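Structure first, then comments.
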(Lines of atoms letter the chains of each structure in order from A and count residues from 1; the text may use other names and numbers.)
(Lines give C-alpha, C1' and ligand atoms only; values in the text may rest on other atoms or scores of the structure.)
Protein backbone atom coordinates (compact mmCIF):
# COMPACT_ATOMS: atom_id res chain seq x y z
CA UNK A 1 0.00 0.00 0.00
CA UNK A 2 1.33 3.43 -0.93
CA UNK A 3 2.27 6.03 1.64
CA UNK A 4 -0.77 8.21 2.53
CA UNK A 5 -0.66 11.87 1.55
CA UNK A 6 -0.46 14.60 4.11
CA UNK A 7 -3.61 16.65 4.40
CA UNK A 8 -1.90 19.75 3.04
CA UNK A 9 -1.03 17.92 -0.19
CA UNK A 10 -4.58 16.89 -1.11
CA UNK A 11 -5.91 18.35 -4.39
CA UNK A 12 -9.45 19.49 -5.16
CA UNK A 13 -11.86 16.68 -5.96
CA UNK A 14 -15.19 15.04 -5.10
CA UNK A 15 -16.47 11.66 -3.92
CA UNK A 16 -19.67 10.36 -5.49
CA UNK A 17 -21.83 8.19 -3.24
CA UNK A 18 -23.64 6.48 -6.07
CA UNK A 19 -26.58 7.10 -8.37
CA UNK A 20 -28.14 10.38 -7.33
CA UNK A 21 -25.94 10.52 -4.23
CA UNK A 22 -24.52 13.70 -2.77
CA UNK A 23 -20.91 14.70 -3.32
CA UNK A 24 -18.53 15.86 -0.60
CA UNK A 25 -15.60 18.16 -1.39
CA UNK A 26 -12.17 16.92 -0.35
CA UNK A 27 -11.00 20.49 0.35
CA UNK A 28 -12.69 23.38 2.14
CA UNK A 29 -14.07 26.14 -0.09
CA UNK A 30 -11.20 28.55 0.67
CA UNK A 31 -8.57 25.92 -0.16
CA UNK A 32 -10.33 25.11 -3.44
CA UNK A 33 -10.27 28.78 -4.42
CA UNK A 34 -6.57 29.00 -3.66
CA UNK A 35 -5.88 25.84 -5.65
CA UNK A 36 -7.87 27.14 -8.63
CA UNK A 37 -5.86 30.34 -8.48
CA UNK A 38 -2.60 28.38 -8.61
CA UNK A 39 -3.80 26.31 -11.53
CA UNK A 40 -5.01 29.41 -13.37
CA UNK A 41 -1.67 31.17 -12.92
CA UNK A 42 0.21 28.10 -14.13
CA UNK A 43 -2.02 27.72 -17.16
CA UNK A 44 -1.64 31.38 -18.07
CA UNK A 45 2.16 31.23 -18.33
CA UNK A 46 2.07 27.99 -20.32
CA UNK A 47 -0.49 29.44 -22.72
CA UNK A 48 1.45 32.70 -23.03
CA UNK A 49 4.68 30.83 -23.77
CA UNK A 50 2.90 28.69 -26.36
CA UNK A 51 1.31 31.76 -27.96
CA UNK A 52 4.73 33.38 -28.29
CA UNK A 53 6.33 30.24 -29.70
CA UNK A 54 3.65 29.67 -32.33
CA UNK A 55 4.44 33.09 -33.78
CA UNK A 56 7.35 31.11 -35.22
CA UNK A 57 4.93 28.57 -36.69
CA UNK A 58 2.88 31.41 -38.20
CA UNK A 59 6.13 32.80 -39.64
CA UNK A 60 6.82 29.38 -41.18
CA UNK A 61 3.44 29.52 -42.93
CA UNK A 62 3.98 33.03 -44.30
CA UNK A 63 7.38 32.04 -45.75
CA UNK A 64 5.94 29.00 -47.51
CA UNK A 65 2.84 30.79 -48.80
CA UNK A 66 4.52 33.98 -50.03
CA UNK A 67 5.32 32.93 -53.61
CA UNK A 68 1.80 31.80 -54.56
CA UNK A 69 0.00 35.18 -54.72
CA UNK A 70 3.08 37.19 -55.79
CA UNK A 71 4.23 35.41 -58.95
CA UNK A 72 2.56 37.64 -61.52
CA UNK A 73 3.50 40.86 -59.70
CA UNK A 74 7.17 39.94 -59.28
CA UNK A 75 7.54 38.68 -62.85
CA UNK A 76 5.90 41.79 -64.22
CA UNK A 77 7.75 44.37 -62.11
CA UNK A 78 11.23 42.81 -62.10
CA UNK A 79 11.02 41.05 -65.46
CA UNK A 80 11.76 37.56 -64.11
CA UNK A 81 11.49 34.64 -66.49
CA UNK A 82 9.65 31.46 -65.59
CA UNK A 83 12.96 29.75 -64.79
CA UNK A 84 14.08 32.61 -62.55
CA UNK A 85 10.82 32.59 -60.60
CA UNK A 86 11.08 28.81 -60.28
CA UNK A 87 14.43 29.35 -58.57
CA UNK A 88 12.90 32.02 -56.32
CA UNK A 89 10.08 29.67 -55.31
CA UNK A 90 12.28 26.64 -54.69
CA UNK A 91 15.40 28.22 -53.15
CA UNK A 92 13.41 28.47 -49.90
CA UNK A 93 13.84 24.72 -49.55
CA UNK A 94 17.62 24.95 -49.95
CA UNK A 95 17.81 27.30 -46.99
CA UNK A 96 15.35 25.09 -45.09
CA UNK A 97 17.59 22.04 -45.60
CA UNK A 98 20.50 23.92 -44.04
CA UNK A 99 18.30 25.15 -41.22
CA UNK A 100 16.86 21.70 -40.55
CA UNK A 101 20.31 20.08 -40.37
CA UNK A 102 21.71 22.73 -37.99
CA UNK A 103 18.59 23.34 -35.90
CA UNK A 104 19.16 20.52 -33.43
CA UNK A 105 22.73 21.55 -32.66
CA UNK A 106 21.74 25.23 -32.34
CA UNK A 107 18.84 24.46 -30.02
CA UNK A 108 20.95 22.17 -27.83
CA UNK A 109 23.93 24.52 -27.56
CA UNK A 110 22.27 27.96 -27.43
CA UNK A 111 18.89 27.09 -25.92
CA UNK A 112 15.39 27.06 -27.35
CA UNK A 113 14.70 30.78 -26.81
CA UNK A 114 17.99 31.99 -28.25
CA UNK A 115 17.55 29.75 -31.30
CA UNK A 116 14.07 31.18 -31.94
CA UNK A 117 15.44 34.69 -31.42
CA UNK A 118 18.21 34.16 -34.00
CA UNK A 119 15.73 32.67 -36.48
CA UNK A 120 13.38 35.65 -36.07
CA UNK A 121 16.20 38.14 -36.69
CA UNK A 122 17.29 36.28 -39.81
CA UNK A 123 13.65 36.30 -40.96
CA UNK A 124 13.46 40.08 -40.68
CA UNK A 125 16.59 40.48 -42.80
CA UNK A 126 15.20 38.01 -45.34
CA UNK A 127 11.93 39.89 -45.68
CA UNK A 128 13.70 43.24 -46.00
CA UNK A 129 15.92 41.82 -48.75
CA UNK A 130 12.83 40.82 -50.71
CA UNK A 131 11.07 44.13 -50.06
CA UNK A 132 13.97 46.23 -51.39
CA UNK A 133 14.97 43.83 -54.19
CA UNK A 134 15.71 45.35 -57.58
CA UNK A 135 16.54 42.09 -59.31
CA UNK A 136 16.69 38.32 -58.98
CA UNK A 137 19.85 38.17 -56.82
CA UNK A 138 18.36 40.00 -53.84
CA UNK A 139 15.17 37.97 -54.14
CA UNK A 140 17.16 34.73 -54.03
CA UNK A 141 19.22 35.94 -51.06
CA UNK A 142 16.16 36.96 -49.05
CA UNK A 143 14.27 33.79 -49.90
CA UNK A 144 17.25 31.65 -48.84
CA UNK A 145 17.40 33.44 -45.48
CA UNK A 146 13.67 32.80 -45.03
CA UNK A 147 14.27 29.15 -45.84
CA UNK A 148 16.98 28.86 -43.20
CA UNK A 149 14.77 30.33 -40.48
CA UNK A 150 11.90 28.12 -41.65
CA UNK A 151 14.05 25.01 -41.23
CA UNK A 152 15.12 26.10 -37.75
CA UNK A 153 11.62 27.07 -36.59
CA UNK A 154 10.11 23.83 -37.92
CA UNK A 155 12.22 22.00 -35.33
CA UNK A 156 12.58 24.29 -32.33
CA UNK A 157 8.97 25.51 -31.99
CA UNK A 158 7.30 22.10 -31.47
CA UNK A 159 10.21 20.99 -29.25
CA UNK A 160 9.83 24.07 -27.04
CA UNK A 161 6.06 23.62 -26.75
CA UNK A 162 6.41 19.94 -25.84
CA UNK A 163 9.02 20.74 -23.18
CA UNK A 164 7.06 23.46 -21.38
CA UNK A 165 3.58 21.91 -21.50
CA UNK A 166 2.14 19.79 -18.67
CA UNK A 167 1.43 16.19 -19.60
CA UNK A 168 -2.34 16.62 -19.79
CA UNK A 169 -2.05 19.62 -22.15
CA UNK A 170 0.92 18.55 -24.24
CA UNK A 171 -1.00 16.95 -27.10
CA UNK A 172 -3.48 19.78 -27.46
CA UNK A 173 -0.87 22.52 -27.33
CA UNK A 174 1.37 20.66 -29.78
CA UNK A 175 -1.37 20.75 -32.43
CA UNK A 176 -1.33 24.55 -32.29
CA UNK A 177 1.99 24.44 -34.17
CA UNK A 178 0.45 22.84 -37.26
CA UNK A 179 -2.65 25.04 -36.99
CA UNK A 180 -0.61 28.26 -36.96
CA UNK A 181 1.50 27.10 -39.92
CA UNK A 182 -1.70 26.69 -41.92
CA UNK A 183 -3.05 30.01 -40.62
CA UNK A 184 0.17 31.75 -41.68
CA UNK A 185 0.02 30.45 -45.24
CA UNK A 186 -3.72 31.15 -45.42
CA UNK A 187 -3.20 34.74 -44.27
CA UNK A 188 -0.51 35.18 -46.91
CA UNK A 189 -2.77 33.80 -49.64
CA UNK A 190 -5.67 36.06 -48.69
CA UNK A 191 -3.67 39.22 -48.02
CA UNK A 192 -1.52 38.68 -51.11
CA UNK A 193 -4.60 38.93 -53.28
CA UNK A 194 -5.28 42.40 -51.90
CA UNK A 195 -1.85 44.08 -51.65
CA UNK A 196 1.32 44.32 -53.74
CA UNK A 197 4.11 41.80 -53.36
CA UNK A 198 6.36 44.35 -51.63
CA UNK A 199 3.70 45.28 -49.08
CA UNK A 200 2.97 41.59 -48.42
CA UNK A 201 6.39 41.44 -46.79
CA UNK A 202 4.81 43.12 -43.73
CA UNK A 203 2.73 39.99 -43.11
CA UNK A 204 5.98 38.10 -42.63
CA UNK A 205 7.77 40.74 -40.57
CA UNK A 206 4.97 41.16 -37.99
CA UNK A 207 5.14 37.61 -36.49
CA UNK A 208 8.95 37.83 -36.38
CA UNK A 209 8.75 41.05 -34.36
CA UNK A 210 6.06 39.57 -32.09
CA UNK A 211 8.28 36.54 -31.51
CA UNK A 212 11.29 38.70 -30.65
CA UNK A 213 9.30 40.82 -28.19
CA UNK A 214 7.40 37.90 -26.68
CA UNK A 215 10.56 35.94 -25.92
CA UNK A 216 11.49 38.65 -23.40
CA UNK A 217 8.51 37.71 -21.21
CA UNK A 218 8.55 33.91 -21.14
CA UNK A 219 10.86 31.41 -19.42
CA UNK A 220 13.38 29.14 -21.09
CA UNK A 221 12.57 25.44 -21.50
CA UNK A 222 13.18 23.79 -18.10
CA UNK A 223 14.27 20.56 -19.78
CA UNK A 224 17.01 22.36 -21.70
CA UNK A 225 18.15 24.19 -18.56
CA UNK A 226 18.35 20.88 -16.69
CA UNK A 227 20.28 19.31 -19.56
CA UNK A 228 22.69 22.28 -19.55
CA UNK A 229 23.29 21.84 -15.80
CA UNK A 230 21.79 25.23 -14.86
CA UNK A 231 20.11 23.99 -11.72
CA UNK A 232 18.77 27.22 -10.21
CA UNK A 233 17.40 28.49 -13.52
CA UNK A 234 15.82 25.07 -14.14
CA UNK A 235 13.80 25.20 -10.92
CA UNK A 236 12.89 28.88 -11.41
CA UNK A 237 11.65 28.24 -14.95
CA UNK A 238 9.60 25.20 -13.97
CA UNK A 239 8.12 27.04 -10.98
CA UNK A 240 7.16 29.99 -13.17
CA UNK A 241 5.43 27.70 -15.67
CA UNK A 242 3.53 25.69 -13.06
CA UNK A 243 2.55 28.49 -10.68
CA UNK A 244 4.15 30.25 -7.74
CA UNK A 245 2.70 27.90 -5.11
CA UNK A 246 2.70 24.69 -7.14
CA UNK A 247 4.67 21.66 -5.96
CA UNK A 248 7.19 20.98 -8.74
CA UNK A 249 9.38 18.47 -6.90
CA UNK A 250 7.87 15.38 -8.53
CA UNK A 251 8.04 16.79 -12.07
CA UNK A 252 11.59 18.05 -11.48
CA UNK A 253 12.67 14.56 -10.49
CA UNK A 254 11.00 13.06 -13.60
CA UNK A 255 12.78 15.54 -15.88
CA UNK A 256 16.18 14.81 -14.31
CA UNK A 257 15.64 11.06 -14.52
CA UNK A 258 14.69 11.38 -18.20
CA UNK A 259 17.79 13.42 -18.97
CA UNK A 260 20.00 10.94 -17.11
CA UNK A 261 18.48 8.08 -19.10
CA UNK A 262 19.26 9.93 -22.34
CA UNK A 263 22.84 10.51 -21.27
CA UNK A 264 23.25 6.80 -20.48
CA UNK A 265 22.77 5.89 -24.14
CA UNK A 266 25.85 5.80 -26.38
CA UNK A 267 26.22 8.75 -28.76
CA UNK A 268 24.17 8.04 -31.90
CA UNK A 269 25.94 7.91 -35.27
CA UNK A 270 24.51 8.10 -38.77
CA UNK A 271 25.41 4.48 -39.44
CA UNK A 272 23.29 3.42 -36.45
CA UNK A 273 20.21 4.31 -38.47
CA UNK A 274 20.91 1.39 -40.79
CA UNK A 275 21.22 -1.28 -38.10
CA UNK A 276 18.58 -3.99 -38.27
CA UNK A 277 16.77 -2.72 -35.17
CA UNK A 278 16.39 0.78 -36.65
CA UNK A 279 16.10 0.27 -40.39
CA UNK A 280 12.34 -0.36 -40.34
CA UNK A 281 11.70 2.99 -38.66
CA UNK A 282 13.98 4.71 -41.19
CA UNK A 283 12.13 3.13 -44.14
CA UNK A 284 8.74 4.16 -42.74
CA UNK A 285 9.84 7.71 -41.91
CA UNK A 286 11.65 8.36 -45.19
CA UNK A 287 8.93 6.65 -47.22
CA UNK A 288 6.19 8.78 -45.70
CA UNK A 289 8.10 11.98 -46.43
CA UNK A 290 8.79 10.94 -50.02
CA UNK A 291 5.12 10.19 -50.64
CA UNK A 292 4.13 13.41 -48.88
CA UNK A 293 6.33 15.58 -51.11
CA UNK A 294 5.80 13.69 -54.38
CA UNK A 295 2.11 14.36 -53.89
CA UNK A 296 3.03 17.83 -55.16
CA UNK A 297 1.86 20.00 -52.27
CA UNK A 298 4.64 22.55 -52.66
CA UNK A 299 4.08 22.83 -56.38
CA UNK A 300 0.44 23.68 -55.77
CA UNK A 301 1.18 25.87 -52.76
CA UNK A 302 4.03 27.85 -54.32
CA UNK A 303 2.33 28.51 -57.68
CA UNK A 304 -1.40 28.47 -56.90
CA UNK A 305 -2.09 31.83 -58.52
CA UNK A 306 -0.40 30.72 -61.77
CA UNK A 307 -2.46 27.51 -61.84
CA UNK A 308 -5.74 29.37 -61.48
CA UNK A 309 -4.79 31.99 -64.07
CA UNK A 310 -3.79 29.28 -66.55
CA UNK A 311 -7.19 27.65 -66.13
CA UNK A 312 -9.01 30.93 -66.80
CA UNK A 313 -10.01 31.53 -63.19
CA UNK A 314 -9.10 34.60 -61.11
CA UNK A 315 -5.72 33.96 -59.49
CA UNK A 316 -6.47 36.36 -56.64
CA UNK A 317 -9.86 34.87 -55.83
CA UNK A 318 -8.43 31.36 -56.10
CA UNK A 319 -5.68 32.02 -53.56
CA UNK A 320 -8.21 33.63 -51.20
CA UNK A 321 -10.37 30.48 -51.37
CA UNK A 322 -7.30 28.30 -50.72
CA UNK A 323 -6.60 30.37 -47.64
CA UNK A 324 -10.13 29.76 -46.40
CA UNK A 325 -10.36 26.04 -47.14
CA UNK A 326 -6.85 25.12 -46.02
CA UNK A 327 -7.76 24.89 -42.37
CA UNK A 328 -10.20 21.98 -42.96
CA UNK A 329 -11.89 19.58 -45.44
CA UNK A 330 -10.88 16.31 -47.19
CA UNK A 331 -9.18 13.62 -51.13
CA UNK A 332 -5.73 14.63 -52.58
CA UNK A 333 -6.20 12.10 -55.38
CA UNK A 334 -9.64 13.47 -56.26
CA UNK A 335 -8.33 17.03 -56.16
CA UNK A 336 -5.39 16.27 -58.50
CA UNK A 337 -7.66 14.28 -60.80
CA UNK A 338 -10.18 17.13 -61.15
CA UNK A 339 -7.44 19.70 -61.79
CA UNK A 340 -5.80 17.43 -64.35
CA UNK A 341 -9.10 16.82 -66.13
CA UNK A 342 -9.70 20.59 -66.35
CA UNK A 343 -6.43 21.17 -68.19
CA UNK A 344 -7.00 18.11 -70.38
CA UNK A 345 -10.36 19.50 -71.49
CA UNK A 346 -8.80 22.92 -72.12
CA UNK A 347 -5.98 21.43 -74.21
CA UNK A 348 -8.48 19.57 -76.40
CA UNK A 349 -11.07 22.35 -76.63
CA UNK A 350 -13.73 20.31 -74.87
CA UNK A 351 -16.33 21.71 -72.44
CA UNK A 352 -14.33 24.92 -72.03
CA UNK A 353 -17.00 26.44 -69.81
CA UNK A 354 -16.28 23.70 -67.24
CA UNK A 355 -12.52 24.23 -67.08
CA UNK A 356 -12.32 27.07 -64.47
CA UNK A 357 -14.82 25.39 -62.14
CA UNK A 358 -13.05 22.00 -62.36
CA UNK A 359 -9.62 23.56 -61.72
CA UNK A 360 -10.93 25.51 -58.72
CA UNK A 361 -12.74 22.48 -57.26
CA UNK A 362 -9.73 20.23 -57.74
CA UNK A 363 -7.23 22.55 -56.07
CA UNK A 364 -9.51 23.32 -53.12
CA UNK A 365 -10.26 19.64 -52.53
CA UNK A 366 -6.56 18.82 -52.81
CA UNK A 367 -5.43 21.49 -50.34
CA UNK A 368 -8.17 20.60 -47.86
CA UNK A 369 -7.41 16.88 -47.98
CA UNK A 370 -3.69 17.46 -47.58
CA UNK A 371 -4.21 19.67 -44.53
CA UNK A 372 -5.87 16.86 -42.55
CA UNK A 373 -4.03 13.84 -44.00
CA UNK A 374 -0.63 13.71 -45.62
CA UNK A 375 0.33 17.10 -44.16
CA UNK A 376 0.43 16.47 -40.39
CA UNK A 377 0.23 12.65 -40.12
CA UNK A 378 3.76 11.75 -41.37
CA UNK A 379 5.28 14.17 -38.85
CA UNK A 380 3.30 12.65 -35.99
CA UNK A 381 4.35 9.13 -37.01
CA UNK A 382 7.97 10.21 -37.45
CA UNK A 383 8.09 11.57 -33.88
CA UNK A 384 6.98 8.20 -32.48
CA UNK A 385 8.80 5.50 -34.46
CA UNK A 386 12.46 6.20 -33.62
CA UNK A 387 14.16 4.92 -30.46
CA UNK A 388 15.11 7.60 -27.94
CA UNK A 389 18.85 7.43 -28.60
CA UNK A 390 18.48 7.95 -32.37
CA UNK A 391 15.41 10.20 -32.40
CA UNK A 392 17.42 13.37 -33.05
CA UNK A 393 19.54 12.01 -35.88
CA UNK A 394 16.63 10.05 -37.36
CA UNK A 395 14.41 13.13 -37.27
CA UNK A 396 17.13 15.17 -38.99
CA UNK A 397 17.42 12.61 -41.79
CA UNK A 398 13.67 12.47 -42.36
CA UNK A 399 13.39 16.28 -42.31
CA UNK A 400 16.23 16.56 -44.81
CA UNK A 401 14.49 14.09 -47.15
CA UNK A 402 11.29 16.09 -46.84
CA UNK A 403 12.98 19.34 -47.87
CA UNK A 404 14.87 17.63 -50.71
CA UNK A 405 11.56 16.38 -52.06
CA UNK A 406 10.09 19.83 -51.61
CA UNK A 407 12.91 21.37 -53.63
CA UNK A 408 12.52 18.85 -56.47
CA UNK A 409 8.78 19.47 -56.71
CA UNK A 410 8.79 23.24 -56.31
CA UNK A 411 11.63 23.79 -58.80
CA UNK A 412 10.28 21.49 -61.51
CA UNK A 413 6.61 22.40 -61.18
CA UNK A 414 6.60 25.44 -63.47
CA UNK A 415 8.47 23.56 -66.19
CA UNK A 416 6.07 20.61 -65.94
CA UNK A 417 3.08 22.95 -66.14
CA UNK A 418 4.54 24.52 -69.27
CA UNK A 419 5.28 21.13 -70.77
CA UNK A 420 1.94 19.51 -69.95
CA UNK A 421 -0.68 21.18 -67.77
CA UNK A 422 -2.88 18.10 -67.66
CA UNK A 423 0.02 15.72 -67.11
CA UNK A 424 -0.84 13.67 -70.18
CA UNK A 425 1.41 14.94 -72.92
CA UNK A 426 3.87 12.07 -72.66
CA UNK A 427 1.62 9.58 -74.47
CA UNK A 428 0.69 12.16 -77.11
CA UNK A 429 4.32 13.01 -77.64
CA UNK A 430 5.23 9.33 -78.01
CA UNK A 431 2.47 8.78 -80.57
CA UNK A 432 3.53 11.88 -82.50
CA UNK A 433 7.15 10.79 -82.45
CA UNK A 434 6.18 7.29 -83.62
CA UNK A 435 4.08 8.62 -86.49
CA UNK A 436 6.92 10.91 -87.61
CA UNK A 437 9.32 7.98 -87.45
CA UNK A 438 6.95 5.79 -89.50
CA UNK A 439 6.47 8.51 -92.15
CA UNK A 440 10.23 8.97 -92.36
CA UNK A 441 10.73 5.23 -92.83
CA UNK A 442 8.06 5.20 -95.52
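Counting begins at 1 with the first residue displayed.
Heads up, the Cβ atoms here are built off N, Cα and C, so glycines get one too.
Remember, TrEMBL labels are computer predictions, not curated facts.
Because the structure is a prediction, the values reported are computed rather than measured.
For the ranges 14-33, 114-133, the feature annotated in TrEMBL as transmembrane segment maps to 114-133. Within the chain, the transmembrane segment (114-133) has long-range Cβ neighbours (under 8 A, six or more residues past its boundaries) at 53, 56, 59, 63, 66, 78, 99, 103, 106-107, 139, 141-146, 148-149, 152-153, 156-157, 160, 198, 201, 204-205, 208-209, 211-212, 215. Beyond the transmembrane segment (201-218), the same-chain residues lying 6 or more positions past its ends with a Cβ under 8 Å from any Cβ of the stretch are 45, 48-49, 51-53, 55-56, 58-59, 62-63, 66, 113, 116-117, 120-121, 123-124, 127-128, 130-131, 146, 184, 187-188, 191-192. Each residue in the domain 'Major facilitator superfamily (MFS) profile' (49-442) has a pLDDT score, and their mean in this model is 79. Tertiary neighbourhood of the transmembrane segment (145-165): same-chain residues 46, 49-50, 53-54, 56-57, 59-60, 63-64, 66, 91-104, 106-107, 112-113, 115-116, 118-120, 122-123, 125-127, 129-130, 173-174, 176-177, 204, 219, 221-224, 241, 395, 399, 403, selected by CB-CB distance under 8 Å and a gap of 6+ residues from either end.
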